[in-house]
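Right, one structure below, let's go through it.
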Amino acid sequence: MDVIADLTVQGVQMALVLLLAPLLTGFVRKLKAHLVRRQGPSVFQPYRDLLRLLRKEVVLAENASWLFRVAPYLIFAATWVAAALVPTFATGLVFSWSADLIAIIALLGSARFFLALAGLDVGTSFGGIGSSREMLIGTLAEPAMIMIVFTLALIAGSTQLATMADYMLSPAVGLRVSLGLSLIALIMVAIAENARIPVDNPATHLELTMVHEAMVLEYSGRHLAMIELAAALKLQLYISLIACLFAPWGLARDGGGIAAYAVGIAFFIVKLAVGGLLLALFETAIAKMRVFRVPEFLGAALMLGLLGTLLLFVSKGL
Amino acid sequence: MGTLSFDVAHLLAGGLVLVSFMMLYQDRLYALLNVFALHAVVLALSVAWQAYVQHAPHLYVTAAIALLFKGMVIPFALHRMVIRLGIHREIETVVGVGMTMLAGMGLVALSMVVMLRVTPTADPLAREDLAFALSVLLLGLLIMVTRRNAVSQVVGFMSLENGLVLAATGAKGMPLVVEISVAFSILIAFIVIGIFLFRIRERFDTVDIGALDDFRGERR
């Protein structure tokens with residue numbers, strides 16, 4: 001029976017991330033519209049968009065290979081698995097042992113790889129430029145992410161997310177500069193990875209600056225739905241990752257029972273809302289930067305991660 | 001010494017290093033001056049916390065001096081100076097920001113290696129403060145080296161001095177007279193530098209230090 005219960009909880013987690021992801025995207029859009037005094041579409045608009053896309057016919061370019069057709073499913077699957085591994089409302093899930101931060105980064109990295117390949121596959125110039133820029137951002141964001149993981153792993157003594165969250169909940173953490181530095185660096189990486197405003201703006205089709213949009217220009221129908229859903233999942237993944245590492249309050253512990261899980265889910269939804277609110281505020285307050293300033297931005301994130309690791313050696317704990 | 005007092009001291013001193021990095025990252029003069037004011041505010045907080053932890057009331061005076069002069073008077077004066085010199089829109093760095101940041105990381109690592117090797121038996125708080133102070137100092141030097149504009153070199157010099165104050169408060173027992181005299185000598189130095197800036201400007205029509213090299217007959 002225990003196994004069935006555990007699997008149910010894990011299934012709830014997988015379903016929850018999938019169901020909430022478009023809502024989060026819609027919520028951020030709605031907030032951004034309100035902040036600039038516009039009405040904005042309903043928060044449920046992303047669901048409608050996805051359903052509409054799923055019903056539509058797929059239009060393929062003549063020279064699209066099998067890779068072009070397979071890539072959306074691979075991207076979606078990798079992102080969904082990664083999002084389902086991050087502890088959102090409970091730490092002691094069945095697959096917690098595999099919820100390793102490095103594994104999650106690898107999953108996201110392979111999703112990015114396929115997206116870039118798909119962008120190149122059709123052979124349009126936009127796809128090429130998008131893939132090239134995406135790889136530029138990726139090669140800079142990943143080292144920064146790895147440095148953040150090193151810092152956190154050195155503090156918590158493990159790269160497993162569940163263990164890390166448990167450690168962050170315990171009073172042993174204390175006040176550390178390294179944690180603050182890695183939080184800021186993680187937010188910067190999350191902004192770059194999710195193609196949010198200072199780095200990229202997926203809401204426009206401006207060829208001077210677009211990165212993510214340029215790669216998916218050729219997609220239509222259900223393929224586009226998969227990619228859009230994967231993008232929403234990725235945004236949610238990063239917010240829940242930040243929440244799980246730096247604000248792990250309300251996470252249900254191992255074998256907490258139904259009540260603890262319900263509280264965990266409520267906390268998770270509140271955390272997502274707060275994350276979305278902060279993101280919307282940040283995005284309306286800041287201007288988009290030039291593409292060639294992105295390396296500096298991510299270089300700063302890498303520097304913060306590195307500094308965090310260095311400062312760990314000064315603090316008393318290590 | 002409690003964990004909390006150590007942690008807060010660590011946080012503030014680490015924050016000072018971080019703000020030094022922010023200064024290194026800025027490539028516009030206005031932003032640089034604002035970050036410099038922030039640097040002084042963080043320093044004042046750090047010194048005030050040391051005063052509280054060490055029960056040394058005279059350190060509050062140092063904190064107040066840092067807040068008043070370095071956090072308000074000098075940035076304000078520099079703002080006005082930048083406007084009068086007409087260089088408030090300029091961007092200036094010698095090498096790219098990325099390389100500068102990497103060099104800065106190297107300096108921080110160096111100062112930590114040096115300080116942690118040299119002072120294994122010292123009080124952890126003082127030891128850590130010294131390591132951070134050395135890195136702030138070296139970063140200030142780096143700002144002076146990587147900038148061509150005389151105003152940002154002044155900012156680098158002032159932030160270097162902030163590192164000295166941090167070191168002095170970490171190592172217990174600096175007399176008040178010394179602190180006040182250091183603070184005032186910095187103020188005098190600032191005035192002298194300000195006069196020099198306008199002289200350089202009058203003479204060469206620019207505050208770019210490269211002009212001085214040409215004047216001495218050194219070609220780049």
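Positions of Cβ are set from backbone N, Cα and C atoms, glycine also.
Whatever TrEMBL says is automated annotation, not expert-curated.
If you look up TrEMBL, you'll see A:12-28 (among others) marked as transmembrane segment.
Away from its own ends, the transmembrane segment (A:73-95) comes close to residues 6-7, 9-10, 13-14, 16-18, 21, 103-104, 107-108, 110-111, 114-115, 118, 161-162, 165-166, 226-227, 229-230, 233-234, 236-237, 240-241, 244, 248, 250-256, 260-261, 264-265, 267-268 of its chain (Cβ-Cβ under 8 Å, at least six residues beyond either end). Sequence annotations record features per position, and here TrEMBL assigns transmembrane segment to A:73-95 (among others).
According to TrEMBL, the feature transmembrane segment maps to A:101-123 (among others). Same-chain residues lying 6 or more positions outside the transmembrane segment (A:101-123) and placing a CB less than 8 Å from one of its CB atoms are 61, 63-65, 67-68, 71-72, 74-75, 78-79, 81-82, 85-86, 130-131, 134-135, 138, 142, 145-146, 149, 152-153, 159-161, 164, 193, 214-216, 218-219, 227, 230, 234, 237, 241.
Cβ atoms under 8 Å from those of the transmembrane segment (A:135-156) belong to residues 101-102, 105, 109, 112, 116, 163-164, 167-168, 173, 176, 178-179, 181-182, 185-186, 188-189, 192-193, 199-200, 211, 245, 294-295, 298-299, 301-302, 304-306, 308-309, 312, 317-318 of the same chain, restricted to positions at least 6 beyond its ends. Here TrEMBL flags A:135-156 (among others) as transmembrane segment.
Annotation source TrEMBL lists transmembrane segment at A:168-192 (among others).
The transmembrane segment feature in TrEMBL is assigned to A:235-252 (among others). Tertiary neighbourhood of the transmembrane segment (A:235-252): same-chain residues 17, 20-21, 24-25, 28, 79, 82-83, 86-92, 104, 108, 152, 161, 164-166, 168-169, 179, 183, 186-187, 190, 193-194, 196, 260-261, 263-264, 266-268, 271-272, 275-276, 279, selected by CB-CB distance under 8 Å and a gap of 6+ residues from either end.
Here the transmembrane segment (A:258-282) has Cβ contacts under 8 Å with residues 9, 12, 16, 20, 24, 27-28, 31-32, 35, 88-90, 191, 196-197, 236, 239-240, 242-243, 247, 249-252 of the same chain, all six or more residues outside its ends. The annotation transmembrane segment is assigned in TrEMBL to A:258-282 (among others).
Residues 136-137, 140-141, 143-148, 150-151, 154-155, 176-179, 181-182, 184-185, 188-189, 192, 198-199 of the same chain lie 6 or more positions beyond the ends of the transmembrane segment (A:294-314) yet place their CB under 8 Å from a CB of it. Among the features that TrEMBL reports, transmembrane segment is placed at A:294-314 (among others).
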**Q.** Chain residues in Cβ proximity to the transmembrane segment (A:12-28) (below 8 Å; excluding those fewer than six residues from its ends, i.e. six or more beyond)
**A.** 41-47, 50, 80, 83-84, 86, 88-90, 93, 229, 231-233, 235-237, 239-240, 261, 265, 268-269, 272-273, 276, 279-280, 283
